[in-house]
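To start, the structure itself, in structure tokens.
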Amino acid sequence: MTASQSGRVRNIERIGIEVDMTEDDATSPIAGKKIAIVGAGPSGLTLARLLQMRGGSVTVYDLDPSLAARNQGGSLDLHEASGQLALKKAGLLDLFHAAARPEGQATRVLDHHGKIYVDLRPSDETSTRPEIDRGTLQSILFDSLEPGTVKWGRRLLSVERNEGGGLCLRFADDTTEQADLVFGSDGAWSRVRPMVSPDKPRYSDITFIEGRISAADTDWPDISRLVGEGAIMVTGDNRAILAQRNSDGHIRLYACLRETEEWIARQAFDFTDPASVRTKLLAHYAGWSPEMLQMLTASDDQFVLRPIYTHEPTQHWTPQPDVTLTGDAAHVMPPFTGKGVNLAMQDALELADALTGGEHADVASALRAYESGMLARMEKEIRLVLHDQDIFVSPIAPQGVIELFEARLRGEG
């Protein structure tokens with residue numbers, strides 16, 4: 001977390017959790033069970049917080065050495081009925097609003113010549129979806145957990161069933177841990193996923209190359225004014241550039257390439273040589289206006305390759321009585337609807353409710369109920385995002401994007 005992010009959440013203190021084991025708690029399906037959550041992203045941490053509030057004995061395992069070990073990604077908008085609702089149930093909504101940026105909802109859509117077609121300001125939206133940096137959100141969630149809940153530097157290799165019952169987690173450091181329940185919140189390439197599904201993500205035909213403009217306000221004022229406090233989508237000729245403001249003022253940039261994996265491999269991008277990456281990107285976007293290409297020119301000498309993967313809308317799934325998935329581990333998808341983190345946190349809330357809401361007599365029935373709702377929702381959401389991807393990155397963009405925004409402002413999408 002940056003110093004600026006620390007300033008925005010400086011009032012956060014570790015939240016002590018005291019749970020009285022009432023009769024309902026003592027007879028809960030999770031009472032007395034050792035719960036392992038794999039993955040300390042927003043979904044895993046939200047699930048851990050909710051289960052601890054309701055008396056669960058939870059340990060989270062994550063492969064990173066610490067919360068601040070790597071770039072956690074860009075800015076996220078949390079929706080009222082999913083991400084914000086999960087935070088409300090977790091008792092963290094006020095902390096979220098203290099750190100969030102309502103002004104970050106501003107959105108512009110431009111064509112590759114720089115003409116602005118859509119210019120939305122926060123007041124134009126019918127619902128409030130303030131932005132928050134992913135790292136700040138994770139800090140809020142992490143700080144709400146009981147000390148020692150998260151075990152860092154634990155790279156999971158597999159989950160196996162013990163002959164005498166229970167589950168064994170095997171880690172890359174040759175250690176093992178035992179658990180009664182295992183919940184995989186460990187991302188697209190989940191090591192928990194094989195317990196419930198053989199299906200693996202497929203390439204979505206889109207690759208992002210991420211960049212960053214650190215000193216936009218001082219060194220690149222034209223770009224700073226164009227992006228404003230929110231985000232812009234520049235799209236046309238089957239290509240796109242997405243840019244978004246982050247909390248410390250820097251601009252995060254994504255060059256969006258609709259190309260095959262083979263084409264990406266042939267380009268042989270050398271990310272140790274940023275100048276060569278920039279040259280190849282400028283060639284790929286030939287024909288775009290100089291003002292739009294300036295975003296690539298202005299990028300810091302640090303680029304990251306991010307191929308975008310997706311699960312299919314329908315999945316082969318074998319329910320287990322003691323294992324399930326949340327977030328990208330269950331349903332990774334492209335980012336074009338902006339729902340990924342919201343759906344992941346909604347998963348966490350619905351799983352916690354199924355396990356502790358009193359409607360199910362045992363864990364197995366609670367997991368079946370959760371998975372039934374989650375998988376039905378995901379079929380719809382993945383179909384929607386793949387449809388939207390073909391609108392955002394298409395030969396006729398931005399026309400379809402304009403129509404999409406107009407329809408959603410009318411409440412039709």
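Cβ atoms are placed via backbone N, Cα and C, with glycine included.
Fair warning: this is a prediction, and the values are worked out from it, not measured in the lab.
Residues or ranges marked as domain 'FAD-binding' by TrEMBL: 35-375.
For Arg70 (NADPH binding site), other Cβ atoms within 10 Å of its Cβ number 10. Residues or ranges marked as NADPH binding site by TrEMBL: Arg70.
The FAD binding site annotation in TrEMBL covers Asp77, Arg134, Asp328.
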Do any residues at least six apart in sequence from Asp77 (FAD binding site), in the same chain, have a Cβ closer than 8 Å to its Cβ, and if so which, in order?
Gly104, Gln105, Arg129, Pro130, Glu131, Gly338
Work out how many Å separate Arg134 (FAD binding site) and Arg70 (NADPH binding site) at their Cα atoms, rounded off.
12
Where Asp328 (FAD binding site) and Arg70 (NADPH binding site) are concerned, what is their Cα separation in Å, rounded?
18
On the 0 to 100 scale, where does the mean pLDDT of the domain 'FAD-binding' (35-375) fall?
95
Given the binding-site residues Arg134, Asp328, which one's Cβ is surrounded by the fewest other Cβ atoms within 10 Å?
Arg134
Over the residue list Asp77, Arg134, Asp328, recorded for FAD, what is the maximum interresidue Cα distance in Å?
17
